[in-house]
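Engineer: Okay, handing you the structure first.
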């Protein structure tokens with residue numbers, strides 16, 4: 001019984017943690033903000049930028065895995081190779097309010113641009 | 001946290017003629033806030049700047065000191081590629097090392113479990129021995145599997161779940177369960193005291209091996225880019241201050257005069273200003289015949305100078321050259337996804353947490369309803385579900401094929417803009433071809449002059465060249481060139497007006513001069529009477545007849561013919577063979593259009609179409625549920641190209657509209673069109689194979705791992721087998737994508 005209850009609680013936790021919870025570790029982009037690509041994640045993974053203003057975001061890839069080598073912003077038709085251990089800057093056009101996900105080719109790394 | 005690094009920046013300095021300039025320039029740059037140091041090399045007129053200041057500010061400072069500066073893009077495409085290869089090689093080696101470490105423990109353990117003894121814990125000595133094995137396995141997890149656990153933990157903290165999560169959970173569950181048995185065997189029924197350390201070690205080893213082989217196979221998918229980058233010359237011979245200097249191509253400046261000798265590559269784009277030669281452009285355009293280049297002709301980076309020595313003025317350098325733009329476009333397209341990949345993306349986004357839930361449900365079912373030892377079955381099935389369900393193959397299926405397909409197309413002189421264009425091109429049911437410049441050479445020549453009221457051919461050519469010299473139309477150029485070739489001076493005309501789709505009008509000595517088609521004559525009430533039959537005969541010979549009238553009287557009929565490209569007939573037949581309806585569109589008269597269409601084997605054509613109506617024809621076909629491809633030269637066909645489902649721009653050599661069309665054909669031949677469609681079909685087929693493989697693998701693998709076959713057949717998948725299958729699934733996808741590299745368009 002205890003095992004069953006634990007399993008159900010675990011399922012509930014998975015649904016909440018991965019699908020329902022909205023993390024708040026957002027970073028406002030300024031001239032010096034960069035996203036570290038390391039150990040399977042973008043940090044920070046949620047980036048807040050101002051609407052209707054062209055912005056630049058810089059990725060610093062320190063992960064050798066093939067998946068991390070490219071970052072895709074499908075909604076903006078951006079696909080950028082990321083050099084290893086070197087900053088790569090992506091110029092973003094002025095965007096309308098909304099959320100623009102970005103991820104690696106295999107969607108192992110995921111992040112989102114929140115335009116406000 | 002600021003991760004931005006500020007690598008040194010190199011600038012080219014212009015206008016620094018004396019050594020004393022060095023101090024002045026360095027001082028100007030050093031005064032910029034954020035600059036740590038500036039060192040100028042007077043010999044090659046470059047300056048190396050370190051610090052955080054932006055290039056724009058530094059360039060402004062140099063300009064304010066009275067000089068000019070441009071930033072040198074320090075990293076050439078070739079260097080970047082080499083660096084990437086080096087990084088991949090190191091990664092490959094480290095993955096192999098991890099594989100070796102994990103398998104060197106996993107394989108002996110597995111052999112022991114299969115053939116020698118029981119992997120169970122009952123006595124104290126077994127507790128000690130298996131405890132030591134457990135510690136050894138933990139070491140393997142920390143050494144060879146460390147990257148999975150760190151990745152999984154970081155992803156977890158970010159509310160993400162990925163491949164690492166599944167591997168970490170699967171191997172972690174097997175190890176923790178085994179260690180619990182080692183530590184507290186009495187808590188488990190005797191038949192459930194089985195340890196799974198070999199599974200943990202084997203899974204880590206096999207997945208590292210799979211990743212290593214994938215890294216190796218991935219490298220091959222970018223062969224096309226490597227070849228394009230390889231076309232770039234490393235140095236250029238520029239003429240500065242009257243001297244030839246061999247410099248790195250990164251240092252070539254706009255308007256530099258560049259000397260190229262026979263057998264050398266063209267280092268940057270430019271215009272010939274001295275000498276003439278033949279240049280082999282086949283590497284970019286696919287055209288086998290070398291092209292003659294004379295004064296004023298364009299030369300393109302990466303092409304090969306064959307016969308003569310030329311000097312050209314650099315018009316585009318660095319990342320602006322046609323080759324650099326092509327490389328960047330191909331790279332971008334290789335990384336884009338066609339719509340077919342979106343389903344896989346959506347699934348991938350929800351996949352891992354869903355698998356975790358399936359694993360837990362599976363464990364619950366085994367625990368509650370399974371045979372004894374139910375806890376063992378629960379752990380084994382949950383571990384196997386987690387390990388077999390890795391979504392890597394799903395995530396790789398589309399991008400790998402697109403990468404190879406777009407690269408393959410680029411090698412054939414076909415530039416595909418993005419994945420969507422690639423996919424749509426494979427579905428085209430109707431292809432509209434513009435006649436002039438697409439089916440024909442686009443270089444018309446005067447073939448007949450029939451005098452009506454004119455005194456002589458000279459008079460006709462002088463008048464027609466006079467009016468047509470104002471026009472940009474290809475037919476107009478034919479008239480002007482014909483007059484020029486016969487040494488006839490064009491008569492001055494005034495008040496020139498182009499009448500769209502009909503012809504042109506001007507004044508000569510106060511009299512109205514008209515030159516154009518039948519419609520123009522009818523509109524202006526010029527009696528062409530019996531002469532229309534003569535024009536009709538010319539048109540039936542695939543010539544374009546035009547009427548010349550002065551002061552209300554018809555003077556002559558001039559026929560111009562545009563030769564059909566030698567391989568148009570064969571290429572159109574290829575398109576028709578692949579089930580595509582081919583339609584020709586032309587502003588030319590019906591009889592000429594019919595004659596050309598008949599010659600090239602096209603059944604449907606629309607003649608006398610105004611440029612603005614081309615897009616309407618595309619829309620008409622779309623309303624009939626056709627997937628429409630439109631092929632044109634990319635300038636006057638722009639609206640139709642944009643409206644079509646796929647716009648194919650024919651750009652020969654330098655004049656490519658690289659950014660404007662969905663697909664750009666670098667060579668003039670329509671075979672490029674047939675190749676593009678054949679490659680897109682082959683790529684889509686490959687993507688579907690990959691997606692099928694990846695989906696089937698998960699759809700079949702997960703229930704199998706959960707144990708659906710057990711109640712009837714008594715079969716339950718071993719986690720090690722699941723690990724091996726998972727490791728090689730993505731390798732299978734990458735290898736299948738690599739098969740596309742062997743595709744030969746023309747044979748299909």
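Placement of Cβ uses the backbone N, Cα and C atoms for every residue, glycine included.
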Engineer: Checking feature assignment: transmembrane segment per TrEMBL, candidates B:671-690, B:691-710. Which range matches?
Structural biologist: B:691-710
Engineer: Do you know which of B:54-73, B:74-93, B:194-213 TrEMBL annotates as transmembrane segment?
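Structural biologist: Of B:54-73, B:74-93, B:194-213, TrEMBL gives transmembrane segment for B:194-213.
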Engineer: Given the ranges B:7-28, B:29-50, B:95-116, which one is assigned the annotation transmembrane segment in TrEMBL?
Structural biologist: B:95-116
Engineer: What is the average pLDDT across the domain 'HMA' (B:7-70)?
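Structural biologist: Across the residues of the domain 'HMA' (B:7-70) the model's pLDDT averages 76 on the 0 to 100 scale.
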Engineer: Of the stretches B:166-188, B:347-369, B:375-398, which racks up the most C-beta pairs under 8 Å with the transmembrane segment (B:194-213)?
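Structural biologist: Top-ranked stretch among B:166-188, B:347-369, B:375-398: B:166-188.
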Engineer: So what's near the transmembrane segment (B:166-188) in sequence-distant terms, Cβ-Cβ under 8 Å and 6+ beyond its ends?
Structural biologist: 121-122, 127, 130-131, 134, 137-138, 141, 145, 148-149, 151-153, 194-197, 199-200, 203-204, 207, 352, 355-356, 359, 373, 375, 379, 382-384, 386-387, 389-390, 719, 723
Engineer: Which residues of the same chain, at least 6 past either end of the transmembrane segment (B:128-145), have a Cβ under 8 Å from a Cβ in it?
Structural biologist: 98-99, 101-102, 105-106, 109, 119, 121, 167-168, 171-172, 175, 178-179, 181-183, 195, 197, 200-201, 204-205, 208
Engineer: Near the transmembrane segment (B:347-369), which same-chain residues lie under 8 Å Cβ to Cβ, leaving out any that are not at least 6 residues past its ends?
Structural biologist: 161-163, 165-166, 169, 375, 377-379, 381-383, 385-386, 389, 391, 394-395, 702, 705-707
